[in-house]
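Taken straight from TrEMBL:
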type	residues	note
TRANSMEM	12-34	transmembrane segment
DOMAIN	14-94	domain 'Peptidase S26'
ACT_SITE	S38	active site
ACT_SITE	K75	active site
Amino acid sequence: MNIRKKNIWIWLIPFLIMAITLILFKAVFLLGYVPTESMEPTLKKDSYIVGTRIFSKLEIGDIIIFHHDGKLLVKRIAAAEGEPVEHNGASLTVPEGCYYVLGDNAEHSLDSRYWEDPFVKQEDIVARLIWP
């Protein structure tokens, strides 16, 4: 192999490894930011978080990252499908494929308790928190 081809491979192989690593990281993980105190003390305001896009069945107590009104939010699952919840004085049952979510800091969290449609649909969930 001539020197020119060898020099190309010296630069190309690390670049390809880095590109593949970044693509896999983006496909599996989600890096996020917590802009409010809604999840304190579990997640501090202005902290960074990591979620996994690959998850099986979610359970009560799991912290999820999901889309709501054009924003990514972070909340804890308080009730899953088929479970009863009290919402604005009414007894509701969480629909199939949905979750009722709450922030850990109830006084500073806009969550299912305040939304017109209080349920987070499975397809709106983008990740389950894995760190911290």
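Keep in mind that glycine also has a Cβ here, set from the backbone N, Cα and C atoms.
TrEMBL labels come from automatic prediction, so no person has curated them.
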Spatial neighbours of the transmembrane segment (12-34) far in sequence, C-beta under 8 Å, 6+ residues away: 43-54, 65, 72, 74, 126-127
Alpha-carbon distance [K75 (active site); S38 (active site)] in Å: 8
Looking only at Cβ atoms, how many others are within 10 Å of the one on K75 (active site)? 25
Around the Cβ of S38 (active site), other Cβ atoms found within 10 Å total 21
Would you mind splitting the domain 'Peptidase S26' (14-94) into helix, strand and coil residue counts from DSSP? 15 helix, 36 strand, 30 coil
